[in-house]
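Going by TrEMBL, these are the annotated features:
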BINDING   Cys12, Cys15, Cys45, Cys48  Fe cation binding site
DOMAIN    7-58  domain 'Rubredoxin-like'
Amino acid sequence: MEGRGVIMKYVCDVCGWEYDETVGDPDNGIAPGTKWEDLPDDFVCPLCGVGKDEFSKEG
């Protein structure tokens, strides 16, 4: 399965903010180690407010 056991990073296409699965987003209640697919559907970029569909996988 793609991504299983591999730490991924996702970058906001609008502002460039990066979601790193290793770090999570503790300031917004997302624990370190949280996989992208496990983020809530209503997750938004903490800088510009766009949804998950506006992020691209880095790498």
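Even glycines carry a Cβ here, placed using N, Cα and C.
Remember, TrEMBL labels are computer predictions, not curated facts.
The Cβ of Cys48 (Fe cation binding site) lies under 8 Å from the Cβ of Cys12, Val14, Cys15, Trp17, each of these being in the same chain and 6 or more residues away along the sequence. In sequence order, Asp13, Val14, Gly16, Trp17, Pro46, Leu47, Gly49, Val50, Glu54 are the residues of the same chain, not among Cys12, Cys15, Cys45, Cys48, whose CB sits within 8 A of the CB centroid for the Fe cation site. Summarising the environment of Cys12 (Fe cation binding site), the number of other Cβ atoms within 10 Å of its Cβ, over all protein chains shown, is 21. Figure note: comparing Cβ neighbours within 10 Å for the binding-site residues Cys15, Cys45, the maximum is reached by Cys45. When averaged over the domain 'Rubredoxin-like' (7-58), pLDDT in the model lands at 97. Taken residue by residue, the domain 'Rubredoxin-like' (7-58) breaks down under DSSP into 9 helix, 14 strand, 29 coil.
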